[in-house]
């Protein structure tokens with residue numbers, strides 16, 4: 001949700017953003033409903049004021065023993081008109097809210113303008129692409145050869161894009177989680193295991209409704225949705241709160257399973273564990289002062305880069321274009337890991353600054369002193385590790401000639417000093 005002052009004072013800023021994002025949005029309708037909303041607020045306030053005045057006059061007349069029939073008629077007329085205005089105002093507010101909650105976020109000036117991922121900008125690379133003197137396998141074949149994943153039985157009990165992790169891949173998955181939590185705890189992140197389901201108002205605060213309804217699972221006959229990431233729950237964690245400025249920044253490390261419909265995935269991604277409906281993820285989430293949020297954004301990215309350097313996974317950092325990044329983000333970096341079996345880089349991290357967009361929707365503010373005005377806080381989020389995708393990268397990049405998988409050195413202590421699968 002954008003600052004309403006922009007609609008009134010700088011609508012061209014929003015028009016420029018919509019053009020850069022190539023988004024079809026009824027901005028004129030939003031501006032018009034905002035103007036009408038303001039007008040109705042003034043009108044209803046005037047009628048409420050008059051109603052209170054009449055109420056006082058009635059009390060005085062009754063106390064003085066005077067006739068109140070005429071003024072009671074006026075009270076009846078004013079109350080009826082007020083009820084009519086409030087009904088109209090409710091309709092206008094509903095239209096305004098629907099549009100205000102779907103307009104995308106502003107875009108940082110450094111973001112490349114383009115229609116899709118072809119306009120993304122490579123910022124840097126790390127690590128050497130592994131070279132093999134033998135025919136390599138992708139993770140799907142390796143999973144079958146080493147009995148690490150059972151896709152057929154998962155499809156039987158749950159459908160496509162589910163899986164059973166088995167044997168040492170279960171341990172490797174858990175080692176990634178434990179290493180990630182230790183890594184963030186050392187950097188003074190507070191560890192959080194959130195609810196795996198949240199209500200609609202919380203989900204709408206964290207994500208644009210049209211977007212989440214396409215990818216998030218709804219719990220039937222309940223006001224609950226399965227989280228697609230712990231970001232959703234952590235964004236809503238401080239909803240309707242005023243945070244003390246001295247406590248900022250707040251850095252959370254969220255650990256949770258994630259549930260996504262992943263509609264539209266095709267090709268090789270329909271098999272294996274790269275693109276699935278359920279996976280484990282460790283997420284960075286930060287509440288920051290407005291003046292600090294861009295610094296925090298770069299810091300979160302650096303934390304994620306360091307994590308993959310420790311895992312010795314070759315990767316690159318991409319700055320997403322206006323056509324490829326999410327609507328709630330003002331700027332997004334992706335980290336893409338090298339997948340040897342696919343001979344390409346694939347996304348494993350998304351790191352975004354949402355400015356005050358989520359905070360306005362969720363009513364999260366901060367203040368420095370008790371008697372000072374409050375400000376909307378800035379929220380930022382970044383994947384640290386979505387384990388199934390990183391398992392794919394490890395399986396493909398660390399495979400050996402005899403068909404085994406070398407365990408990254410930093411994870412060996414989490415697996416009883418085991419060196420290979």
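Glycine residues also receive a Cβ, built from the backbone N, Cα and C atoms like all the rest.
Note that this is a predicted model, so its numbers are computed, not measured.
For 229, 230, 231, 283, 383, the entry in Swiss-Prot reads L-serine binding site, with the evidence type sequence analysis. Summarising the environment of residue 229 (L-serine binding site), the number of other Cβ atoms within 10 Å of its Cβ, over all protein chains shown, is 26.
Among the features that Swiss-Prot reports, ATP binding site is placed at 260, 261, 262, 276, 347, 348, 349, 350. For residue 347 (ATP binding site), the same-chain residues 6+ apart in sequence whose C-beta sits under 8 angstroms from its C-beta are 334, 335, 336, 389.
With respect to Cβ neighbours within 10 Å, the binding-site residues 276, 348, 349 differ, and 276 shows the lowest count. If you compare every pair of Cα atoms in 229, 230, 231, 283, 383, the residues listed for L-serine, the longest distance is 10 angstrom. Within 10 Å of residue 349 (ATP binding site), counting CA to CA, the binding-site residues 229, 230, 383 contribute 383.
The Cβ of residue 262 (ATP binding site) lies under 8 Å from the Cβ of 161, 215, 275, 276, 277, each of these being in the same chain and 6 or more residues away along the sequence.
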